[in-house]
Amino acid sequence: MPYRISRQAYAETYGPTTGDRIRLADTELILEVEKDYTVYGDEVKFGGGKVIRDGMGQAQTPRSEGAVDTVITNALILDWWGIVKADVGLRDGRIVAIGKAGNPDTQEGVTIVVGPGTEAIAGEGQILTAGGIDSHIHFICPQQIETALASGVTTMLGGGTGPATGTNATTCTPGAFHIGRMLQAAEGLPVNLGFFGKGNASTPEALEEQVRAGACGLKLHEDWGTTPAAIDACLSVADQMDVQVCIHTDTLNEAGFVEDTIAAIKGRTIHTFHTEGAGGGHAPDIIKICGEANVLPSSTNPTRPYTRNTLEEHLDMLMVCHHLDPKIPEDVAFAESRIRRETIAAEDILHDLGAFSIIASDSQAMGRVGEVITRTFQTAHKMKVQRGALPEDSSRNDNHRIKRYIAKVTINPALAHGISRDVGSIETGKLADLVLWKPGFFGIRPELVIKGGSIVWAQMGDANASIPTPGPVHGRPMFGAFGKALAPSCLTFLSAAAMDADIPKHLGLERTCRAVSDTRSVGKSALKLNSALPNVSVDPQTYEVFADGELLTCEPAEVLPLAQRYLLL
């Protein structure tokens with residue numbers, strides 16, 4: 001007969017259920033469970049004396065008849081589409097079901113069959129998110145990949161060839177030779193990868209060559225000359241070959257102003273990097289481009305969020321990254337023109353309004369590759385404290401704000417770069433790139449990272465201990481990151497033209513390669529929970545930013561969550 005237990009006891013046993021609320025780490029963000037797929041009384045849980053045992057919660061069903069490879073039990077899913085409690089079934093490295101796991105012969109409502117061939121991961125009391133996507137990577141050193149993975153990022157898009165001077169400044173992998181070498185290097189790296197070719201050319205031939213060689217996109221960067229002619233040529237090739245174009249515009253306004261760049265774009269889809277401008281772009285008003293319907297605007301994390309240290313650290317970072325000389329007054333003036341407290345403050349608010357849609361790192365080129373998710377939720381916290389609840393949220397929770405911010409580092413970069421059919425959300429059919437977080441460490445330290453259905457990273461104790469938990473406990477790579485397990489668990493994204501040219505075979509690639517698609521039809525309206533189109537203007541004298549006539553300003557944060565409380569530095 002049924003046995004009633006208290007809500008607290010239930011949460012401690014099976015994790016929170018509908019109506020329960022959770023604080024995200026040490027932030028002011030409160031999450032509330034919207035739905036629970038569990039059938040009360042028929043929950044599954046692994047362990048001695050628990051449910052997933054032969055003839056109880058485990059059926060006799062073999063894998064060949066539909067039992068899943070892995071079940072994540074009682075996880076609290078946080079995604080752009082909802083905050084729900086569910087079991088998640090994985091097969092062949094993909095998500096096959098979100099619902100109720102167990103044995104259909106003994107339990108009600110089973111949609112995920114647990115069999116003798118099923119592994120169990122306990123999701124009770126933990127938050128499950130899609131693996132993060134960082135779409136602004138300078139591939140300066142391979143050690144970035146481990147650092148990103150340790151933060152919950154499982155997909156990295158960008159450009160570079162290592163610590164070359166060009167790569168230190170620009171996210172471009174220029175030319176067929178370098179693209180080929182980077183695609184080969186990707187074979188040993190346990191994340192999904194894609195590389196941008198250099199988009200700075202006024203004629204199409206060299207751009208087409210790079211796309212055919214395997215570039216999944218093209219990057220226009222001012223350090224290579226982002227002129228109206230280059231913008232037009234690059235976008236024309238992108239439209240023809242279905243790849244995304246990313247742009248870092250002309251800070252010095254040498255070849256034109258922001259209005260000239262908008263005119264050169266001609267209404268075509270484009271991903272604007274560090275759209276506020278401290279990372280580069282038309283001074284002082286590149287930020288206004290976020291109001292264009294064809295523009296997919298992103299930030300990089302050096303300015304996320306605006307704090308009392310933001311301005312001070314930027315000048316030195318900028319001088320190093322862009323190969324500037326502090327002894328040359330013009331170089332110093334160039335750097336100083338990009339750093340404006342008014343536009344950085346406005347950037348916080350534009351993110352909170354959903355007018356800026358994506359957050360990425362700018363790894364080792366002013367940004368920190370291991371802090372994308374951390375900085376995203378620090379921004380959300382700061383805005384909750386300074387602006388209060390969003391109109392869409394209730395007095396009980398911050399669900400809409402939390403979903404808006406998780407979308408910035410998951411589904412929206414996936415949509416922008418034509419990879420959303422494989423990654424970016426927890427939905428059936430997608431690659432099982434998943435991150436489990438203890439709520440007290442959400443956004444700062446994942447408990448477990450799953451890549452293509454295999455565990456690639458986890459918090460792990462002393463390997464010589466008698467159990468897995470004795471200290472020192474820290475993140476370490478797991479079996480999924482080694483040997484031939486790596487290739488089938490990871491994707492390399494190429495252009496369709498490169499796939500047609502059989503580039504994977506020509507380069508001897510063993511990883512699964514996928515063509516990006518539908519990059520030219522995506523507009524800002526397609527970006528989840530971040531599609532606002534305010535009319536933005538900047539006062540050229542004071543740099544004050546206005547959206548639909550309203551001044552956007554906020555104070556710098558003095559103290560942040562997800563910081564020194566968690567990091568012994």
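Backbone N, Cα and C atoms are what each Cβ position is placed from, and that goes for glycine too.
What Swiss-Prot says about this protein:
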ACT_SITE  His322  active site, proton donor
BINDING   Lys219, His248, His274  Ni(2+) 2 binding site
BINDING   His221  substrate binding site
DOMAIN    131-569  domain 'Urease'
MOD_RES   Lys219  N6-carboxylysine
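Within 8 Å of the Cβ centroid of the Ni(2+) 2 site, not counting the listed residues Lys219, His248, His274, the chain contributes His136, Thr170, Thr171, Leu220, His221, Glu222, Cys246, Ile247, Thr249, Thr272, Phe273, Gly279, Gly280, Gly281. The Cβ of His248 (Ni(2+) 2 binding site) lies under 8 Å from the Cβ of Thr170, Lys219, Leu220, His221, Glu222, Asp223, Thr226, Phe273, His274, Gly279, Gly280, Gly281, each of these being in the same chain and 6 or more residues away along the sequence. Predicted-model confidence for the domain 'Urease' (131-569) is 95, expressed as mean pLDDT. For the binding-site residues shown (Lys219, His221, His274), fewest C-beta neighbours within 10 angstroms: His221. According to DSSP, Lys219 (Ni(2+) 2 binding site) is assigned to a strand segment.
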